[in-house]
Amino acid sequence: MERLFRSVEQNPVPQDADITGDIPDWVEGQLFRLGPAKWDFDEDFSLNHWLDGSALLYKFTIRKGRVDVMSRFLDTLAYQKITQIKRPVFTEFGTKSYPDPCKNVFSRFFSQLVPLELTDNDLANVYLLDDELYASSETCHIWKVDSEDLTCMKKTDLKELLSVNLASSHPHKCPDGTVYNLGASFMTGLRYHIIKMSPLPSDSLKKSKGFERASVLASISSNQKTTFSYYHSFGLTENYILFLEQPLLVNTVRMAASGIKGYSLKECFDWNPTQKTRFHLIDRVSGHEIKTKYQSEAFFFFHHINTYEEDGHVIADIQAFPDPEVLDKFYLNKLRMGEFAVSCQPVFTRFVLPLKADGKKNENLVTLKNTQATAIKQDNGSIFLEPERKGEPGFEMPTINYSMFNTRRYRYIYGTGVFETGKFANSLVKLDNVTGEMTVWKESETMYPSEITYVPRPGSTDEDDGVLLSVVLDVGTDTRDFLMVLDAKTFKELGRAFVPRTIQLPPTIHGMFRMD
């Protein structure tokens, strides 16, 4: 496992992959994957956490029966600085910031007192906006990237555009082109913000593009005075936006002192298991939050799977952990020692939020017959949610047929065991959320498959009529990494594209496929 977390080098010249099996001829396009890839910059210095590594973007191009692969580090300011001085000058997730020797004494002192500059090491996700490729993490900095040579083109600062300090790396795109995202601000009060980008006008040459069309649809004040909830994703239905205020809290007092005290971002987190998780429903048109207060017991999560409406209820499917222990397991020294046994593992978790709250106290307001989830009205008028869980725990990075079934009732979830040592180690998983049946792909304990990317067959309306793409890293002796193509319906392998030995690929976080 240690080989997975060695620093790698970029390979910006495309090289051909060797294909075995049969990749369907309709699968033509580009698969982009993004993640941390370099942690060692000096003989006596390494970054502390997997999520601190410099962002590497790589691309598989599939065309006319051929596959090639290339990679490039995102040439961000954070990358330029750490390459130059061998230390991070921005606070990273698990590593403190160091003084920038390029600044004068006053600037360095001021930066320590007022740590306003956030990292632009955008390692979490890539997505399209107006058919342009963007890389993001969870700060206000988002990089536009050339989709052909993977060079950085332009940085957008959401703090300047919208007064937003943080933004999710999982925006939602609607069929009409409207894009929603979730942000937060902490310099002028602790608030969460729903960001809306209207569709690109047909007369696009005369209208603003991309983030210039963004505006704040709604703002929600934090439930706490000096902390706000960590989030990685949010939910979207046809009529609502769902934001979960979970009790993993960012301590802004500690964050403000990070420059002087030497705190990493992770050291500014507080887990409060006695605090309830709060569910906020915001109307997509008006931006108004509905008055009903929904709560559940504390849990931790990264990923919403899907959210949709059914017969007067909002169904919220989440891959939930009992607590955030997993974040501690991503420290590099543990990963390089193969110490990733996590006692709490994520599981498919369904919450059901009744939109009508006029029932009797202590009554279950869920009237759906196809779920065991409950919503009990409390004495104070709030609704306490008890979830339903399906399948077995141990997989993450949940994926669905997003383009066809996001915000809609659906059936299938695809996931990976990531670095887990449990039931789904070295595996890919397909979960039927109706029956709870799980189908598993696993070949070798030396193989670590990435998040699945779903590619629907053109013209098909079946939910699982498509292919699944996963990059499999093989740490065995005399082996090669490969791009694997699975049939989404049967979960059987169709083909592989073996990466040349000269190209090093790291584990990635998220990615996307752009069809030609």
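The backbone N, Cα and C atoms fix where each Cβ goes, and this holds for glycine too.
Listed in TrEMBL for this protein:
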BINDING   HIS170, HIS232, HIS303, HIS510  Fe cation binding site
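When secondary structure is read from DSSP and collapsed to three states, HIS510 (Fe cation binding site) falls in the strand class. Between the candidate binding-site residues, HIS232, HIS303, HIS510, the densest Cβ environment within 10 Å is the one around HIS510. Look at HIS303 (Fe cation binding site): DSSP puts it in a strand. Cβ atoms within 8 Å of the centroid of the Cβ atoms of HIS170, HIS232, HIS303, HIS510 (the Fe cation site) belong to the same-chain residues ALA124, ASN125, SER168, SER169, SER233, PHE302, HIS304, site residues excluded.
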